[in-house]
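Q: So that we are looking at the same thing, I have put the structure below in structure tokens.
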Amino acid sequence: MKEGLWTVFCDDSESSAKKSVSSLISPYSCSHHILIISVDVLLLLIAVSIFICKSVSRKIAARSQSQRSSPVMYVSTIFNGILSLVYLGWGIWMISDKLGRDQTILPLHGWLTILFQGFTWLVINLLVSLKKVTLPQIAAVKFCLVIAILFSGFLCISSIWGAVSDKTLSVPMLLDILSFPGAILFLFCGFKRQSYTGTDLDISDGTSYEPLPGEEDNANGEISSNDNITPFANAGFFSQMSFWWLNPLLKKGKEKILEDGDIPQLREADQAKNCYLMYTEQLGARKQKGSSNSLSMLSVIISLHWKKILISGIFALIKVLSLATGPLFLKAFIDVAEGKAAFEYEGYVLTAGLFLAKVLESLSERHWHFQTRLIGIQVRSMLSAAIYQKQLRLSNAAKVDHSSGEIVSYVAVDAYRIGEFPFWFHQIWATSIQLCLALAIVYYSIGLATMAALATVILLVLSSYPLIKLQHKYLTKLMVAQDRRLKAITEALANMKILKLYAWETHFKNVVDGLRKEEFQWISGVLWQKGYHMVLFWSSPVVVPAITFWACYLLGIPVSASSVFTFLACLRIVQEPIRLIPDVAGVFIEAKVSLDRIVKFLEAPELRNSVTRQKLNGEELDQSILIRATEISWGTDSSSKATLRNINFLEKFRKITGIVHVFGKIAYVSQTAWIQTGTIQENILFGAAMEPVRYQEVLERCSLVKDIEIFPFGDLTEIGERGVNLSGGQKQRVQLARALYQDADVYLLDDPFSAVDAQTATSLFNDYVIGALSGKTVLLVTHQIDFLPAFNSILLMSGGEIIRSDTYSQLMASSQEFQDLVNAHKNTAGSDTQVEYDSSKRAETSKTEEIQKVRSIKKLGSPSGDQLIKREEKESGDTGSKPYIQYLSQRKGFLYFSLGSIVHIIFIVGQVIQSYWLAANIQNSDVSRVTLFTVYSVIGCSLAVFLLLRSVFIVQLGCGASETIFSTLLTSLFRAPMSFYDSTPLGRILSRVSSDLSVTDLEMAFRLTIAVGTTMNTYFNFAVLAFLTWPVLFAIIPMIYLNILLQRYYFASAKELTRINGTSKSSVASHLAESIAGATTIRAFGEEARFFSKYLDLIDRNASPYFHSFTSDEWLIQRLELLCAIVLSSSTLAIILLHFSASASGFIGMELSYGLSLNNLFNSLFHVADCFVVLEKCHLREAIQEKEEGLNSSGILVEYDEPLKLMNKEGSLFGQLVREYWSRTANSRDW
């Protein structure tokens, strides 16, 4: 039946009144609704033009991100946001109600007007409330707001008039009345922000951004920034929505292998320093309220990012609403096939509408995920920075509870898991809304039988609750066991030289193996719980329909192709969210456990600022250190001389009462040398500016000249972690040089000559203490009695107390304890070791001799060999199937994977057969409903059995691979020669055995099998579409070709981004581990700010490749989903052109139900590559096999003899290894 466009939009009753002017005022008339839609379209066009014309050169300082909006802005955002959501919700309800009552959505004007109003109000709310500091195109914004308030005033008056006339107040009328105060709030907020449009950095409160120490300023005093900022910072609206700004990086990745320098920096708003500044401000305000637990930390995170959470939530809502239109389109297409078309070209309109709905669904979902990932980066950076700052202030008692390995785990594992939490945050409520919408549509399709489906879903969710509690228990136990293992591994790796010297590798390896076995019990428990969850929720699409159909039969509810496949389409679009319920639960549990661990660490006791440091400002003082009426306490294990030094001046112990003053700058030399990973020059300068004359004098005073001459790169020679390529004496002399170069006022020397021989000690004492430190205050802790006569005052300690304080001569004359100590030393050491010193050197001015061959600015020729510390190696280019084969070759991995794949194929084929049986016989009168439902149910139950088998195979694959990979990794670590540890920072190894290993333990098997299953589902869906409507092949074949091209283009960059992300993560862990070891030295020199600034930079260098990596995922998925939307629209177009009869409506429903689920298949495809890049790094045996020289390849001894004979034997592997070691240590002066 053909009807005019007016009748389709309105109805017959409106036709006679369509030219009446009075109908424009009536809130119920179609003319009134057409007027509303017309104005809404005008407002939307203005708003979109504002977004499009936004200035590309827009630059907003990161500090403006923390600018607080006014209370009116908050009220406007919340009020109008709720109003727009109510509009949209009511419009959707009206559609559902019309379908239930009239089985049609005509006329359109009622519900379409409400939806247009809601969407327009939502866009204007975004335009007004989500702008930062500047509002480009302010004139257009003002024009838009003026139109909005005038029109809302008209709607308010007409609605009030209609309510008074008819004595009734409908929901749409109430919403139109409320839109007027909402428009007033819009106008107030929009015009108030006009003052911010003058400049980019004009902040009304007068605050200014101050750079952290270490940031350079340019000549104009402005903060210098790298021009290589991500294009996302200046991208326009459509560039952001389509991720077009990422194209230059992907193009570069296709042309060459990406390196670190090719990746742009993050926006200032996303950089760690800004995240941490906002965190400290917010946390300070919270602490004033006395709240400092994990809930407070969570509230801090939410309060800092609520706007971004709101934006991503809006995208999530749009995605859910657009997804819910799919079953409605399916029902409409079946009605068209059955001859129930509302107008002649309804099929083509439905095809266009379906395409637009799928495009909108893709856009909203991609930006939902993108925005939450961006929040995750900021949260992770913030927590990582907070953990670093905390470890610098951690008390000695707290360090017992939080070892170095555990602190690294807090950053590498816990902060990462909390950073993943925002990605899943909206999933719970979005899934709930999606289920409610689906149930509403199903209810109007099959009536009360919906209750059976609802009860089944509720039963499935409730049955998962005990499993979720059990999983929480397992994860908590797992984190505790992981901490114990990491603590043991850290201790073993840090002392590997001693282990190898005494051949203790096997014993300590067995200790770690024992801790791993305990940890593996909880790993296997977590994996089995995930497997149970997978069976439970993957079986829902086959169990729920069977129960629902039997409910229809028992209740006598008639079923048709339209109602059945509308129900199945609803079930297909919600099956992915239902399957994600266990993952969401797992993420919530992991985030809670990790947040509790981090909060516990951040609340650990800190060092008290018990020492007052004062600058000298040029004045002369009689005392450099003042301790007055002071009472200090420490543990029973500490009662030595070094304890006094720590208590008073390095703030490492507790001061109860009294005053401790230190006047001037402090320099500190620890008893155990702490050396940074870097060059000798960097260790000596320690952040100070280079002064060549003073630098050369320091080298001579510390007897480092000859050592530097024999190093291949001079003072630019890189020192391994903890100074592994320096002897003990060289480390100590580098420490002394570092302290001397700082030109401090007070020097704290903790037994600095213990690692050098007597002759060197004498030389250092004369040149360094007596000569270079003349005029300085020196507090020397020493066991070398010979040096004591040179000092002005001696503190004699016994039993943790200072029993005497006097000069050497006075103590010798009056203290029997001191006499006994000196005489005992003379009797033991004899007189040959007496030190001759010249006290007159205190008054001499040291002369600086010209030092040849030491100047670092002078070219040292062409030294042979490389620096000791090398950049972390990573694979490059396409590694093909190598990582997959490596993973599946672990303990029957190929067998379990093959069986799991076969079972999954059977599961997919069974689903297709089940759907085909239903489509072919739903309208077949020869097949009874009992037979139809019985066969359908039997197939469904059989598929549930195959799901159980697949989960068993996945868990077995994960458990076997996890155990084997760790065993191989641990064996490689303990068999690696010392040259490997000399050239590999400890943090890099800890990154492997913490965060990387966590991925292989808990995620690898599931990600791989789900990705493979998703790929199979995609191609089976294509096969179903092609089988039912063969012309769609003309769209599918080019789509597959474009799919392959796009994935190749994407993977060229994505793999390198993931690899760079992995290597940069190791740098973060290395710097953190190094800072933990040297926290006392860093505090003593007052270099906390510089080290923290470097750490923030390392966090940003790690976050940038991660940011561009997940953005590239969204870039590809968005384009693939667009291709899928084209295929789906092509299939519906083929249905229309082929003129399917009513008898084929079941196959139409089957085709569209499969086509509608295409978009849901891509989200799992792109995390598996990340896992296998992690796996590449976990195979350390390949990375160090060249260093192992095959000495114990596969555990088989390839040669055995006396060491001297092996050394003289030509081609001996042992000889090669020893000579390599000698080549790295022969330059040591004191070796």
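Quick reminder: no glycine exception, Cβ is built from N, Cα and C everywhere.
Note that TrEMBL annotation is computational and uncurated.
So TrEMBL lists these for the protein:
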- 34-53: transmembrane segment (TRANSMEM)
- 74-96: transmembrane segment (TRANSMEM)
- 108-128: transmembrane segment (TRANSMEM)
- 140-163: transmembrane segment (TRANSMEM)
- 169-191: transmembrane segment (TRANSMEM)
- 310-590: domain 'ABC transmembrane type-1' (DOMAIN)
- 451-468: transmembrane segment (TRANSMEM)
- 593-824: domain 'ABC transporter' (DOMAIN)
- 894-918: transmembrane segment (TRANSMEM)
- 905-1128: domain 'ABC transmembrane type-1' (DOMAIN)
- 930-949: transmembrane segment (TRANSMEM)
- 954-974: transmembrane segment (TRANSMEM)
- 1022-1046: transmembrane segment (TRANSMEM)
- 1122-1142: transmembrane segment (TRANSMEM)
Q: Looking only at the domain 'ABC transporter' (593-824), what is the model's average confidence as pLDDT?
A: 77
Q: Per the 3+ Cβ pairs under 8 Å rule, pairs at least 6 apart in sequence, do the transmembrane segment (894-918) and the transmembrane segment (74-96) touch?
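A: Between the transmembrane segment (894-918) and the transmembrane segment (74-96), contact is absent.
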Q: Considering pairs 6 or more residues apart, do the transmembrane segment (74-96) and the transmembrane segment (34-53) have at least three CB pairs under 8 Å?
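A: No, the transmembrane segment (74-96) and the transmembrane segment (34-53) are not in contact.
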Q: In terms of Cβ proximity under 8 Å, which residues at least six beyond the ends of the transmembrane segment (169-191) contact it?
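A: For the transmembrane segment (169-191), the list is 27, 70, 72-73, 75-76, 79-80, 83, 86-87, 90, 113-114, 117, 121, 124-125, 128-129, 135, 141-142, 145-146, 148-149, 152-153, 155-156, 158-160, 162-163.
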Q: Counting only residues 6+ away from its ends, which parts of the chain sit with a Cβ under 8 Å from the transmembrane segment (140-163)?
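A: For the transmembrane segment (140-163), the sequence-distant neighbours (Cβ-Cβ under 8 Å, at least 6 residues beyond its ends) are 25-28, 32, 36, 39, 42-43, 46-47, 49-50, 53, 124, 127-128, 169, 172-174, 176-177, 179-180, 182-184, 186-187, 190-191.
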Q: Taking a Cβ cut-off under 8 Å, which residues six or more beyond the ends of the transmembrane segment (1022-1046) line up next to it in the same chain?
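A: Same-chain contacts beyond the ends: 912, 1116, 1119-1120, 1123-1124, 1126-1127, 1130-1131, 1134-1135, 1137-1138, 1147, 1150-1151, 1154-1155.
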Q: By Cβ distance under 8 Å, which residues at least 6 away from the ends of the transmembrane segment (954-974) in the same chain are close to it?
A: 492-493, 499, 505-506, 508-509, 512-513, 516, 520, 523-524, 527-528, 530-531, 534, 887-888, 890-893, 896-897, 900, 989, 992-993, 997, 1000-1002, 1004-1006, 1009, 1175, 1178-1181, 1184, 1195
Q: Excluding the flanking five residues on each side, which residues at least 6 beyond the ends of the transmembrane segment (108-128) place their CB within less than 8 Å of a CB in that stretch?
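A: For the transmembrane segment (108-128), the far contacts come to 8-10, 14, 30, 33-34, 36-37, 40-41, 43-44, 47-48, 50-51, 76-77, 80-81, 83-92, 94-95, 98, 141, 144-145, 148, 172, 175-176, 179, 182, 186, 189-190, 311, 314.
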